[in-house]
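Undergrad: A single structure is presented below for examination.
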Amino acid sequence: MKVPFRFFIFTNISRSLLKTLEINLISTRGIVMTRKMLIDGELRTGDSAEVEVQYDFDLFVIGAGSGGVRAARTSAGFGAKVAICELPFHPISSEANGGVGGTCVIRGCVPKKILVYGASFRGELKDARNFGWEFGEKLEFNWKKLLHNKTQEIIRLNGVYKRLLSNSSVTMIEGEGKITGAREVEVTHPDGSKQRYSAKHILIATGSRAQRVNIPGQELAITSDEALSVEELPKHAVILGGGMPFIFVYIAVEFASIWRGMGATVDLFYRKELPLRGFDDEMRTVVARNLQGRGIQLHPNTNLSELSKTENGIKVITDQGDEIIADAVLFATGRVPNTKRLNLEAVGVEVDKTGAVKVDEYSRTTVPSIWAVGDVTNRMNLTPVALMEGTCFSKTVFGGQPTKPDYSYIPCAVFCVPPLSVVGQSEQQAVEQGNGDVLVFTSTFNPMKNTISGRQEKTVMKLLVDSETDKVIGASMCGPDAPEIMQGIAVALKCGATKAQFDSTVGIHPSAAEEFVTMRSLTRRVAATGIAKTNL
């Protein structure tokens with residue numbers, strides 16, 4: 001539809017050079033307006049013509065998980081008009097279900113940590129006896145009560161995230177988003193109706209989804225989504241995982257601790273010699289020893305080959321020919337980027353062989369108006385990293401502050417019992433990547449609490465130091481409160497702290513944390529061309 005306008009052209013091009021001038025109103029439901037000017041046979045923009053485009057939104061975010069919500073709120077804080085779409089809430093994700101808050105809040109970090117707390121009480125109550133607490137020999141655990149309270153908490157948090165968006169003036173739209181153009185998103189609402197929205201920028205923040213192993217009987221297994229909401233607590237659980245690369249390894253070891261802490265028999269299978277591939281080998285050994293000490297049966301170098309249903313439960317056959325009957329089998333073998341239904345190929349957004357969206361250092365995709373943050377890019381799949389990427393995106397696009405995400409010295413934790421937490425390089429990485437020798441400092445001790453409880457479980461701490469600069473380049477801890485302690489250590493490493501500065505810091509006594517500032521005896525020195533070792 002052509003509509004006449006009165007206008008002024010601010011240009012030094014003479015009228016004789018102006019062959020045609022056309023102003024079109026291109027309407028998507030009467031919203032988008034573009035002025036096109038053909039001068040000397042070419043479409044010109046910038047200082048050659050006045051160009052004005054109006055969109056429904058400055059930013060449309062697909063996916064209201066950690067990264068998407070952070071990006072939406074911070075962008076709105078910079079004055080952008082923002083919309084975000086998300087699937088209807090449900091504890092277990094599917095193509096039709098999701099929920100504001102995303103994986104971490106609804107079916108990941110938060111509910112998992114709640115279950116870890118619940119599982120930890122079994123050991124705590126046992127330890128309490130030597131501290132004078134008297135109670136009956138038999139302890140009763142009510143799984144359904146914990147499950148109910150966990151679900152109520154994630155429902156509450158789902159509401160909190162909605163209010164955060166609303167209070168930031170972000171428009172929330174319930175439904176599945178699909179990209180239909182470089183600046184257009186189509187949302188399919190729960191009732192099946194569809195609506196299209198235009199946006200100057202589109203942000204993909206759809207996260208990732210748990211995957212199953214392709215073996216006969218795979219449909220009999222569950223993923224972490226279902227494991228967080230199973231109606232009946234398993235009496236005997238088989239878990240496959242713990243040997244996937246770094247980010248994907250957590251859930252197998254964590255659920256082994258959860259279910260064992262709640263009284264189940266647990267068999268943990270993984271394809272390598274130790275669980276938690278990608279972590280420091282010395283700390284992996286500590287975790288394996290602790291898992292066994294808590295009664296978890298470990299099966300290294302072993303995979304599952306077949307599942308079948310029997311009258312007594314699920315028959316599990318391993319690649320070693322062994323058979324186990326269990327009433328729950330958990331596949332904790334990684335996650336895949338959630339991109340299949342986004343229509344990315346049609347609009348020119350490139351993905352890698354795993355389906356992860358390809359982005360540059362600023363989180364921009366191969367289509368300039370489309371961006372992506374979080375697990376869907378498969379860079380470093382941690383909730384705080386998605387938050388950082390979302391903030392950097394907002395600063396870059398709407399804040400006038402081009403900002404690249406900084407992936408150095410990002411701490412993380414595995415919430416097994418007791419937990420493992422690390423920041424910086426592992427000993428193996430330090431040896432492979434360093435130019436000079438690596439100085440290794442370790443401390444292994446019996447926590448004060450265990451001296452009374454009688455629990456035979458050591459805490460292990462480790463510092464890695466660059467011999468040439470004296471900078472601490474890696475820190476690890478496996479023991480009670482490790483994540484809380486490591487968060488503070490991460491600040492020090494981010495600031496470039498040296499071993500001398502650690503040594504000059506006064507500790508808090510009595511505490512486990514003080515060991516990090518009292519490790520003055522060198523455990524070993526590893527040459528840059530040497531082989532990383534363990535002291536266990």
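Quick reminder: no glycine exception, Cβ is built from N, Cα and C everywhere.
What TrEMBL records for 57-390 is domain 'FAD/NAD(P)-binding'. Per TrEMBL, the feature disulfide bond maps to Cys104-Cys109. Residues or ranges marked as FAD binding site by TrEMBL: Lys113, Gly177, Thr206, Gly207, Ser208, Asp375. Annotation source TrEMBL lists NAD(+) binding site at 241-254, Gly334. The domain 'Pyridine nucleotide-disulphide oxidoreductase dimerisation' annotation in TrEMBL covers 410-519. Look at TrEMBL and you will find His509 tagged as active site, proton acceptor.
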Undergrad: Taking only the Cα atoms, work out how far Thr206 (FAD binding site) lies from Cys104 (disulfide bond), in Å, as a whole number.
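TA: Given the Cα positions, Thr206 (FAD binding site) is 12 Å from Cys104 (disulfide bond).
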Undergrad: List only the single closest residue to Val253 (NAD(+) binding site), chosen from the recorded positions Cys109, Gly207, Ser208, Asp375 by CA-CA distance.
TA: Cys109
Undergrad: Just the number: how many Å between the Cα atoms of Gly334 (NAD(+) binding site) and Cys104 (disulfide bond)?
TA: 15
Undergrad: If you measure from the C-alpha of Gly177 (FAD binding site), which of the recorded positions Cys104, Gly241, Ile251 fall inside 10 Å?
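TA: Near Gly177 (FAD binding site), where near means Cα within 10 Å, there are no recorded positions at all.
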Undergrad: Looking at the binding-site residues listed here (Lys113, Gly241, Ile251), whose Cα lies nearest to that of His509 (active site, proton acceptor)?
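TA: If we rank Lys113, Gly241, Ile251 by Cα distance to His509 (active site, proton acceptor), first place goes to Lys113.
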Undergrad: Find the shortest Cα-Cα separation between Asp375 (FAD binding site) and the recorded positions Cys104, Gly241, Ile251, and name the residue that gives it.
TA: Cys104
Undergrad: For Cys104 (disulfide bond), just count the other CB atoms lying within 10 A of its CB, please.
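TA: Here the count is 23.
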Undergrad: For Lys113 (FAD binding site), what residues in its own chain, 6 or more apart in sequence, show a Cβ-Cβ distance under 8 Å?
TA: Phe415
Undergrad: Whole-number answer please: how many Å between the C-alpha atoms of Cys104 (disulfide bond) and Ser208 (FAD binding site)?
TA: 11
Undergrad: Nearest of the recorded positions to Gly207 (FAD binding site) by CA-CA distance, picking from Cys109, Gly241, Ile251?
TA: Cys109
Undergrad: Sort the binding-site residues Ser208, Gly241, Ile251 by C-alpha distance from Cys109 (disulfide bond) and give me just the closest.
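TA: The answer is Ile251.
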Undergrad: Based on Cβ atoms within 10 Å, give me the single least packed residue among the binding-site residues Gly177, Gly241, Gly334.
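TA: Lowest Cβ count within 10 Å among the binding-site residues (Gly177, Gly241, Gly334) is Gly334.
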Undergrad: Summarise the model's confidence over the domain 'Pyridine nucleotide-disulphide oxidoreductase dimerisation' (410-519) as a mean pLDDT value.
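TA: Value for the domain 'Pyridine nucleotide-disulphide oxidoreductase dimerisation' (410-519), mean pLDDT as a whole number: 97.
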Undergrad: Just to verify: the residue among Cys109, Gly207 with the fewest other Cβ atoms within 10 Å, which of the recorded positions is it?
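TA: Sparsest of the recorded positions Cys109, Gly207 by Cβ contacts within 10 Å: Cys109.
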